[in-house]
Amino acid sequence: MSRFLIFILLLATCTSFAFASDPSPLQDFCVTDPKSPVFVNGVVCKDPKGVQADDFLFRGLHLMGNTSNNVGSAVTPVTVAELPGLNTFGISMARIDFAPMGINPPHTHPRATEILTVIEGRILVGFVTSNPENRLITKVLEKGDVFVFPEGLIHFQKNLDHGYALALAALSSQNPGVITIANAVFGSNPDIPTDVLAKAFQTDINMVNQIQSKF
């Protein structure tokens, strides 16, 4: 085999890894099989002969989520967990409802870019770039505006009005994952040692204990 051919094969292999995210479908569909005992990186397909129209259907996205909570928002996800037919398609979505002045607190999606469309209301959005700049990029969105949050970066939304607000989000993964920063840092199980958090946040241990008690 020539050196040139070996180089091309290596380049193709590296490129496939560089651009890989969710696995691409190798057939028309790969509906999840929740009964399968096999654990894989993704979700096992069920026999196509047993696939029904309902496997590709999710109902209820027109219903408002319950925003009666500490942050004043509710996220209704439509990922592969809720819609089995999404498996291998590399997409998902979510409805985000906001109570007056409610927030979708700082969080990150480790496996997806998010694109958000405001349906009702006026929403402040923002994300923070990675170290060392940690630059805050923020914008006030009106009805019909669209904003994108890069994959893996911490971002948030806040309803600026005294009425309810609504947004729809699309994500570039069937299982984007979500890490809410406050919950992960102060509500981990078991707790992150208080002296670690106190030093990281440049505060005292009593303050850390007080915050942890809220999660």
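From the backbone N, Cα and C atoms, a Cβ is placed for every residue, glycine too.
Going by TrEMBL, these are the annotated features:
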type     : residues               : note
SIGNAL   : 1-20                   : signal peptide
DISULFID : C30-C45                : disulfide bond
DOMAIN   : 59-209                 : domain 'Cupin type-1'
BINDING  : N104, H109, E114       : oxalate binding site
BINDING  : H107, H109, E114, H155 : Mn(2+) binding site
The one of H107, H109, H155 whose CB sees the fewest other CB atoms within 10 Å, among these binding-site residues: H107
Length of the line joining the Cα atoms of H107 (Mn(2+) binding site) and E114 (oxalate binding site), in Å: 12
Greatest C-beta neighbour count within 10 angstroms, which of the disulfide-bonded residues C30, C45: C30
Sorted by sequence, non-N104, H109, E114 residues with Cβ within 8 Å of centre, oxalate: A94, H107, T108, A112, L116, F149, H155, A169, L171, P176, V178
By Cα-Cα distance, the member of binding-site residues N104, H109, H155 nearest C45 (disulfide bond): H109
H107, H109, E114, H155 excluded, remaining Cβ within 8 Å of their centroid (Mn(2+)): T108, A112, F127, F149, L153, I154, P176, V178
Cβ neighbour count within 10 Å of E114 (oxalate binding site): 24
